[in-house]
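Since the structure comes first, as structure tokens, the remarks are kept for the end.
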Amino acid sequence: MATAVRTPAQRRLRALLVSSALAAGAAWGAIGISLAGDAAARAALTAHGAAGTEALPIILLTLAALPLGSLVGAPALDLISHACGRRPAVLACAVLTTVGCLVAVCDRPLLRVAGIGVVGLGIGGYAIVVPKLAHELAEHGHRRLMPRVRAAAPAGAGLAILAGALGERLAPGQSAVCAWLIPQLAAMVSLLLALTLPETPHWYAAQGRLESAYAALQRMLGSLEAAVGIDWVMMDTGTRDEQHPLGRGDLSIARVRRTVAAGLLLEVVQALPLGVAALCLGPALMAEAAGAMAGGTAGSGPAHLPLGVAAALALAWVAVALLGTGRRGNHFAYAWILVGIGVSAFGITLLALADTLHGAGMMALLVCVDVLLVACQFTAVAPACTGNIDPLVPPWLLRSQRRAIAAIRPLVQLAAVLAPALLLALTPPQAAVGVVLSCQVLSLLIAVAALPCALEALR
């Protein structure tokens, strides 16, 4: 079904996939700007065990709202996509994300948390529905496409950071409002693009509407490709009818058992560089460093990132996203994983120099470490992990795999953002660096021991 030259509909599909990834990344960036603009939150995140952690509970709720919302939204939108179609499910994701962004700009902390949770519902829906669109409307290489699309998330976060800093410059006190505009705009773009695309032929075929399935193929690929592709759609739909939950009988098959074990390991490993934590916690730390440069005390400095720092950070994150979307995750996967985790551990070690630096040197250190962590996760580790496990899932377990990933990934993100926030707030800097570094080294040793066996078993 893949054509030498993509049709306009296929290009719109890819734009929809990218816009969904941008919305997810921009949501994390907007959370970072919201924390950076809150003096109490900045004070709590830089308390390091001292007084000033009164705002810590609301910070933890703010950070947890997005992954918890994703955890709830994924199965709900999955059911909608099966009952009503893929396109209505994407529209629902876009509407949830848009409405959530409107509520997330509220000054009241609990309303803000609720809004972020609604955004999480939409992001979780994107996580489980968008791969179906890539599978059913794109081409056979969709499983190589999705890891590259996910790598675009830092670009969305960078745009949100830049919009927040620019908004603070133009309209003081409105940084969070401007930052939340970015995921909202990305969701609205995905909504408009979804309206221009047909329902998937697979869903039509599952409903017994073969003429509609053929018409959808014609809109996506043209008449010639549709005449050939309808047979593949029928075969793929028949395979989908055989889907069943993962059971003991499946685990008795050695290859399935190894695939499940490798998938769980790789899903945890790809969060080790703490790139998501860098997206949402880094701006608050940099804003506090900017306040110290201006001569303020903890939590009393400027309630925003300097525009120059935000622009540099956004440019670096966009570059990371471009590098991540331009490479194939299945090439030298083991090497990419080890290098990514190792370099991120080196970046964490650099934070031990924080006590010896002040002013511009401290700001430069924070920016460099932040970019390094984001690059390690989204350019090195995550594409390698996702790109290697997705193509190896047996067809009859594809839906179970998607549901499992949609449940595991938010839980991993939850741990990856809450643990660093707690360490920053409750432990001295050197102890926090030591704990994170010890965990990364231990995880690296586990990866060195387990990944070769897992990946070799899957070849």
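Residue 1 is the first one shown; counting continues down the chain.
Using the three backbone atoms N, Cα and C, a Cβ is placed for every residue, glycine included.
A TrEMBL annotation is a machine prediction, not a hand-curated record.
The transmembrane segment feature in TrEMBL is assigned to 56-77 (among others).
Look at TrEMBL and you will find 89-105 (among others) tagged as transmembrane segment. Long-range Cβ contacts of the transmembrane segment (89-105) within its own chain (Cβ-Cβ under 8 Å, at least 6 residues beyond either end) map to 16, 20, 23, 27, 30, 34, 69, 73, 77-78, 80-81, 111-112, 114-123, 125-126, 129-130, 133, 176-177, 180-181, 183-184, 186-188, 190-191, 194-195.
The transmembrane segment feature in TrEMBL is assigned to 111-129 (among others).
The transmembrane segment feature in TrEMBL is assigned to 149-167 (among others). Residues 14, 17-18, 20-30, 32-33, 36-37, 130, 134, 174-183, 186, 275, 279, 283, 304-307, 309-311, 313-318, 320-325, 374, 378-379, 382-383, 386 of the same chain sit 6 or more residues outside the transmembrane segment (149-167) yet have a Cβ under 8 Å from a Cβ within it.
Residues 9, 12-13, 15-16, 19-20, 22-24, 26-27, 29-30, 33-34, 87, 90-91, 93-95, 97-98, 101-102, 104-105, 119, 122, 126, 133, 137, 156, 159-161, 163-164, 167, 219-220 of the same chain, all 6+ positions outside the transmembrane segment (179-197), place their C-beta atoms under 8 angstroms from a C-beta of that stretch. Residues or ranges marked as transmembrane segment in TrEMBL: 179-197 (among others).
The transmembrane segment annotation in TrEMBL covers 264-285 (among others).
If one looks beyond the transmembrane segment (305-325) by at least 6 residues along the same chain, the residues whose Cβ comes under 8 Å of a Cβ in the stretch are 25, 33, 36, 148-149, 151-155, 157-159, 161-162, 164-166, 168-169, 279, 282-283, 286-287, 290, 363, 367, 370-371, 374-375, 378-379, 382-383. Annotated transmembrane segment per TrEMBL: 305-325 (among others), in sequence order.
Positions annotated as transmembrane segment by TrEMBL: 332-354 (among others). For the transmembrane segment (332-354), the residues of the chain that approach it from at least six positions outside its boundaries are 269, 272-275, 362, 365, 368-369, 372-373, 376-377, 379-381, 383-385, 387-388, 429-430, 433, 436-437, 440-441, 443-444, 447-448, 451-452, 455, judged by C-beta separation under 8 angstroms.
What TrEMBL records for 360-385 (among others) is transmembrane segment.
Long-range contacts of the transmembrane segment (406-426) within the same chain, counting only residues at least 6 positions beyond its ends with a Cβ under 8 Å from a Cβ of the stretch, are 44-49, 53, 56, 59-60, 63-64, 66-68, 70-71, 74-75, 78, 120, 124, 127-128, 264, 267-268, 270-271, 274, 276-277, 280-281, 285, 432, 435-436. Sequence annotations record features per position, and here TrEMBL assigns transmembrane segment to 406-426 (among others).
For 432-455 (among others), the entry in TrEMBL reads transmembrane segment.
Proximity of distant same-chain residues to the transmembrane segment (360-385), defined by a Cβ-Cβ separation under 8 Å and at least 6 residues beyond the stretch ends, is recorded for 147-148, 150-151, 153-154, 266-267, 269-279, 282, 285-286, 289-290, 292-293, 309, 312-313, 316-317, 320-321, 323-324, 327-330, 332-334, 336-337, 339-341, 343-344, 346-348, 350-351, 353-354.
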